[in-house]
Amino acid sequence: MNIHEYQGKEILRKYGVTTPKGFPCFSVDEAVQAAEKLGGKVWVVKAQIHAGGRGKGGGVKVAKSLDEVRKYANDILGMTLVTHQTGPEGRLVKRLLIEEGADIKKELYVGMVVDRGSQRVALMASSEGGMDIEHVAEHTPEKIHKVFIDPVKGLLDSEADDIARKIGVPEGSIGQARAFMQGLYKAFDETDASLAEINPLIVTGDDRIVALDAKFNFDSNAMYRHPEIQEMRDLDEEDPAEIEASKFDLTYISLDGNIGCLVNGAGLAMATMDVIKLYGGSPANFLDVGGGATTEKVTEAFKIMLKNPDIKAILVNIFGGIMKCDVIAQGVIAAAKQVDLTVPLVVRMAGTNEELGKKILAESGLPIITANNMAEAAEKVVNAAQGK
């Protein structure tokens, strides 16, 4: 689950992390009132969407008068902001963050992720903060420093101080940087975050350490423990198909291809997409129906996939372990009839009651294309999507 920048900063402040003063706003008038309340002579008008690259996309503006605050708020609110993370369709901006301006002497980068290899939280930091951290990671990875945090000991003072020095924090600000990193780690750990990114973390003209931006992702499976974070969820920022899928305990992620995939098990689903790509196709989605798929769930899965106008064919790939192939076959047939399926359907199933499942499909009277293995299934669905 993702949240907005201003919400991430609310969390950080609870853990003692310094952020600029600011207010979320939903209208131009609110934006001007927020600037008046903040005082000062410089304000930053920031689009609030669940995507990075807002500055490059024109979603972050520095205003030096209240008239400019009004102008930029009017320009940004309601705009479709396109960044490298939104895709070409962009995101509609429905809320802003108005913040006090900052005296930036140096921009740094600090992030945390769960590192599966070390089975620890990895802290990553770089002296090259700001909008081009992706470029740094790709072209000069040696400028990114890492420490893998022991979950028992936490982030040690010595580890934080070492990282701070490596990224160029002034000696007089090392203590602040240490407190920031330890506060960020505590926030990350206690909120069940999967990613936290501060880009940029700045050193101000008077050598204060301030989190100028904040990005958080959380483990959706842990949100039952954090109702206060769950309340921050912005459904307007999420794919309607993914929201609908979650109502039926389906794990669905939209992609940009034209072959719908319905699979049981996340590993098999990823392998299925890989094989489709291997045979020259492009998956339109990741869809895991789980181990207890019912006819209703399969039907809803078909409905969700078919809302995508780009879909040219569907591949159902099932391994019958907990789930029996005959039950899936009946669900596929019922779903195909209920949604009035008009695109080619390829089904590959193996495992419990496999032969019975294939028999049910063969006797259904529906133009279902069957396959005996994944390679054959991928080849057939790619050909079907191409009209061959």
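A Cβ is built for glycine as well, from the same backbone N, Cα and C atoms used for every other residue.
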* Structure fact -> Checking Swiss-Prot, the member of N264, N372, N373 that binds substrate with G321, I322, M323 is N264
* Do any of G55, E99, E107, I322 (binding-site residues) have a CA within 10 A of N199 (Mg(2+) binding site), and if so which? -> E107
* Structure fact -> On average, residues of the domain 'ATP-grasp' (9-244) score a pLDDT of 93
* Listed ATP-binding residues K46, G53, R54, G55, E99, A102, E107 - what's their greatest C-alpha to C-alpha distance in Å? -> 19
* To do: Express the distance between the Cα positions of E107 (ATP binding site) and D213 (Mg(2+) binding site) as a whole number of Å.
  => 11
* To do: State which of the following binding-site residues has the fewest other Cβ atoms within 10 Å around its Cβ: N199, N264.
  => N199
* Fewest other Cβ within 10 angstroms of its own Cβ, chosen from the binding-site residues G53, G55, G321 -> G321
